[in-house]
Amino acid sequence: RENFVHLCNPHLEKMKEDILYHFALGTGTHDFPALFGDVKFVCVGGSPSRMKAFIAYIAEELGLGSPAGDYPNICAGTDRYAMYKVGPVLSVSHGMGIPSISIMLHELIKLLYHAKCSNITIIRIGTSGGIGLEPGSVVITRQSVDATFKPQFEQVILGKTVIRSTNLDEQLAKELMQCSKEINQFNTVIGNTMCTLDFYEGQGRLDGAICLYNEEEKLQYLKEAYDSGVRNIEMESSVFAAMCNLSGVKAAVVCVTLLNRLEGDQISSSHDVLVEYQQRPQKLVGYFIKKCLGKV
């Protein structure tokens, strides 16, 4: 059965042209079904360079190219986001934080709709701070929770507070966990992910420009988070889950932990170690895509 992307916006039907401004794409200038109609997997992550590295990696894994191949940026007309494609896989950067990924997702979801894509799986691959986990562990998100540990995304629309669910696809999380067991290269857990509005005070760090709490208060908060099921902290998962839910798209969040926040705030691992850590979500999701396509 084909599941198409659902748009929660009746106004779009009245528009003669839809300009995806931050992608430098538009329905009047680009043939979306021809360009993107075969897409089945969309992987999104913070930095353009990481998403370019992912598309080169997946191209080689699927036998569709080499790491040294040329993968042009589809969004070269803008410096806001980068987008790469190989076969049925689209790789898109989303910047840092809820506002940045929200803008990208509005235009990405419309792109998939205009392209008449069906049976789409969207996975965020990224980095995070771990709680009670060894650095380098990978967390598959069960629910995204806010800074008070509630599984919800809160947004003010037309002056009113709107609350949306942040549950992620349970079956997809289980499939990804099974893939990690089959790879058997790094520790992987399913847990809740806390999504914050800030990297410093919002995550209880002691090393920002402003900090008006002590270490004991910080540790008490992080232990409360752990006890509620939180295993990592990042800054995009809540709006990602909420928007994918409303659009009827299967979604997952797969993030590697760069440090254990119960032991410190600063990321002190060497560059080479961090590069290897950042490749772990790519390996897991790459294996998942290969398995879905019958290439394992």
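Using N, Cα and C of the backbone, Cβ positions are placed for all residues, glycine too.
Please treat TrEMBL annotations as automatic predictions, because they have not gone through curation.
Per TrEMBL, the features are as follows:
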type    : residues                    : note
BINDING : R80, R124, I125, G126, T127 : phosphate binding site
BINDING : Q203, R205                  : substrate binding site
DOMAIN  : 40-289                      : domain 'Nucleoside phosphorylase'
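In the predicted model, the domain 'Nucleoside phosphorylase' (40-289) shows an average pLDDT of 97. Taking a C-beta cut-off of under 8 Å and a sequence gap of six or more, G126 (phosphate binding site) has these contacts in its own chain: G45, G46, E234, E236, V253, V254, C255, V256, P281.
Note: the Cα of R80 (phosphate binding site) and the Cα of Q203 (substrate binding site) are spaced 26 Å from each other. Cβ environment of T127 (phosphate binding site): G46, E234, C255, V256, T257, L258, Y277, Q278 lie under 8 Å away, each six or more residues apart in the same chain. Spanning the residues R80, R124, I125, G126, T127 that the record associates with binding phosphate, the maximal Cα-Cα distance equals 20 Å. R124 (phosphate binding site) sits 20 Å from Q203 (substrate binding site), taking the C-alpha atoms as the reference points. For R205 (substrate binding site), the same-chain residues 6+ apart in sequence whose C-beta sits under 8 angstroms from its C-beta are F199, C211, K218, D265. Residue with the densest Cβ environment among the binding-site residues R80, R124: R124, by other Cβ atoms within 10 Å.
The distance from the Cα of I125 (phosphate binding site) to the Cα of Q203 (substrate binding site) comes to 20 Å. Sequence-distant neighbours of Q203 (substrate binding site) (same chain, six or more apart, CB under 8 Å from its CB) are G129, T196, I233, R261, listed in sequence order.
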